[in-house]
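Enquirer: Have a look at the structure that comes next, please.
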């Protein structure tokens, strides 16, 4: 309704009864009255508009929030690479886990909330469109860490599927602040993980985590987040962990693949028994065989390239890690180069698979934080209770070069002309720099519930045995799955809105 509009039924008749001059005066008076009423309404509603703006964009709630910025410095010089800097890798674990008898109370779970509240009346249509674009396309991987007093969405006691070595609170870690830091991209918000939204987006689909023990770390984080709204059914076996959510027919799976490429132990050339051989140009056949069963795959690898292995390319031995018996022959490929080749191999093979059209997410190198030495030379992350402050990121030459080779291998695969539109289903989840700040998120010496474990440095300053590679749960690793959910949302909703879909 237009403000101060005259009632047509009476006013129109009245005007026609007056002479022309009188009717003109009447119109003038009516227009003046309309202007006064409209101006009064604007003055009256201004405070209300301010209140609405304050409600949606309140600033006092962020006054006490601490921000730790992730600062990208392209001029950083990586330190020399040494295989001794590589972190330890746990032995391949068995997948035949028994279904935990966990209980959950939905009243204690803080899930991401969706609201039907309208936007402030001060936001124009163009501004709304700009905000939607930013929310959909913004860079998730450059931003800052901020302290969130709400804390995590689960506890070590509310998730029965937790590898004990990552159960930091259960293992006696005295501080808990590391659980409260959340990631904030520079251009948008990364929503809290919403388990119900995830299960609805993935309805009838399967998400698989494929990789080493750090991939298991991420998979267990995903399970802990989902377990808060529904207890799944264990449908796994020794070859593959599988958890089924009845309400939405969603399956979460995990496959162990140390290197993501074909491996074998039989003698090859001058490489005898007792050492693992890797065909860098052949994908792990178990992954390829299982691919048609998956709709989304989260890949990760790299840390096993610190272990002893032989590298084979084009059916020729070209290098090795901690192995090269014939010093008279030159090595063509080291473990860093081998890692990059393996990434390109598996990404191309998945993208070209005739029976796999799913979304592939490659999570980049997960940084370790062995400070003062390597994992086997006195490196430590003991006593770290919050993220590194802005600008204080400690460079690690091995981390930087491994991340570079991984990203290069991915982009080479994506650039393959033979992939066509299938390259759009390949996503790089680049977490390395952001998580370089999270030296506080590792178990450190709190790797077991043993009350007699050593957690302090000895008289000679020697640190206790510790894990500065994997992540506490709950902890920073949960952010990875917030990113996974956002990538899935963008892909699925983008397909629904695409005319060609």
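Even glycines carry a Cβ here, placed using N, Cα and C.
The shown structure was predicted, so the numbers you read here are calculated from the model rather than taken from an experiment.
Got these off Swiss-Prot a minute ago, pasting:
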TRANSMEM  25-45  transmembrane segment
REGION    69-131  region 'Disordered'
COMPBIAS  78-89  compositional bias 'Low complexity'
COMPBIAS  94-113  compositional bias 'Basic and acidic residues'
COMPBIAS  114-124  compositional bias 'Polar residues'
REGION    438-467  region 'Disordered'
COMPBIAS  449-459  compositional bias 'Basic and acidic residues'
MOTIF     467-481  motif 'DCXHWCLPGXXDXWN motif'
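Could you give the neighbours, burial and distances for every feature on this list?
Expert: Long-range contacts of the region 'Disordered' (438-467) within its own chain (CB-CB distance under 8 A, at least 6 residues past either end) are made by residues 88, 145, 164-168, 170-173, 177-178, 181, 368-369, 371-372, 378-382, 384-388, 394, 475-477.
Look at the compositional bias 'Basic and acidic residues' (449-459): DSSP puts its residues at 0 helix, 0 strand, 11 coil.
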Enquirer: Where DSSP helix means H, G or I and strand means E or B, what are the helix, strand and coil counts for the motif 'DCXHWCLPGXXDXWN motif' (467-481)?
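Expert: So the counts come to 5 helix, 1 strand, 9 coil.
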Enquirer: When the pLDDT values for the motif 'DCXHWCLPGXXDXWN motif' (467-481) are averaged, what is the result?
Expert: 98
